[in-house]
Amino acid sequence: MFRIGHGFDVHAFDKDRPLILGGIEIDHHQGLIGHSDADVLLHTIADSILGALALGDIGKFFPDTDAANKDLDSKVLLREVVEKMTDMNYEVNNIDATVMAEQPKLRPHIDDMREVVASLLNVPINHVNIKATTTEKLGFTGREEGMAAEAVVLLKKMEELS
Ligand SMILES: Nc1ccn([C@@H]2O[C@H](COP(=O)(O)O)[C@@H](O)[C@H]2O)c(=O)n1
Ligand SMILES: C[C@@]1(CO)OP(=O)(O)OP(=O)(O)OC[C@H]1O
């Protein structure tokens, strides 16, 4: 049995922050702000998995009103979501994600991000696709005020052990 899920997230840029995306740090003159490390890509991936499981979203499990989630490493957050998925006897079949950003150029970092995501999701790297697109200088991403990310995931029920 399969379940499909979708995620979408946005974070604003701030000059005094490191840019953390897909679980890696990318050299850039500004980074994303949030209650956590603001990793917009890992957040959208976590949301897509919660969506597939009909469990709601990351704000439900990691509220931004909880001091324990302040500056949270989003790899920890995604690991916990993957644990919930495993407890429900599901595994990731494949995931496809898109990051919307005018700058920096993400292509040189895509395979490093895929490696981190594949390891967090316990799947081979060729089950993880990450794409980047500008928005042709339009909107908040085009003005380099922030980044947006979207993901679609397919989960499959794990084989029952006899
Ligand atoms: N932040 C980004 C945005 C895009 N890319 C790569 O450039 C290609 C062309 O982008 P368009 O927005 O003009 O379609 C895109 O397909 C990506 O491969 C990137 O590396 N980083
Ligand atoms: C991750 C959490 C919690 O630290 O904070 P943010 O980094 O603000 O991220 P967001 O995508 O707005 O929603 C989930 C939050 O509760």
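Glycine is treated like the rest: Cβ placed from N, Cα and C.
Taken from TrEMBL, the feature 4-CDP-2-C-methyl-D-erythritol 2-phosphate binding site applies to 9-11, 35-36, 57-59, 62-66, 133-136, Phe140, Arg143. Taking a C-beta cut-off of under 8 angstroms and a sequence separation of 6 or more, Arg143 (4-CDP-2-C-methyl-D-erythritol 2-phosphate binding site) has the following same-chain neighbours: Glu102, Lys137. Taken residue by residue with DSSP, Arg143 (4-CDP-2-C-methyl-D-erythritol 2-phosphate binding site) is part of neither helix nor strand, so it is coil.
Taken residue by residue with DSSP, His11 (divalent metal cation binding site) is part of a strand. For His11 (divalent metal cation binding site), the count of additional Cβ atoms within 10 Å of its Cβ stands at 23 [all protein chains shown]. Positions annotated as divalent metal cation binding site by TrEMBL: Asp9, His11, His43.
Per TrEMBL, the feature domain '2-C-methyl-D-erythritol 2,4-cyclodiphosphate synthase' maps to 2-155.
TrEMBL lists His35 (among others) with the feature site 'Transition state stabilizer'. In sequence order, Asp64, Asn69, Lys70, Asp71, Leu72 constitute the residues six or more apart from His35 (4-CDP-2-C-methyl-D-erythritol 2-phosphate binding site) in its chain with CB-CB distances below 8 Å.
On its own chain, Thr134 (site 'Transition state stabilizer') has Met100, Ala101, Glu102, Thr141, Gly142 as residues at least 6 apart in sequence with a Cβ closer than 8 Å to its own Cβ. Residues annotated as site 'Transition state stabilizer' in TrEMBL: Thr134 (among others).
Between the C-alpha atoms of Asp9 (4-CDP-2-C-methyl-D-erythritol 2-phosphate binding site) and His43 (divalent metal cation binding site), the distance comes to 7 Å. You'll find the Cα of Thr135 (4-CDP-2-C-methyl-D-erythritol 2-phosphate binding site) roughly 15 Å from the Cα of His11 (divalent metal cation binding site). Within 8 A of the CB centroid of the divalent metal cation site residues Asp9, His11, His43, the other residues of that chain are Val10, Leu32, Gly34, Ala38, Asp39, Val40, Leu41, Thr44, Met147, Ala148, Ala149. For ligand 2, the neighbouring binding-site residues among His11, His35, His43, Pro63, Thr135 are His35, His43, Pro63, by Cβ distance under 6 Å. Asp66 (4-CDP-2-C-methyl-D-erythritol 2-phosphate binding site) sits 19 Å from His11 (divalent metal cation binding site), taking the CA atoms of both as reference points.
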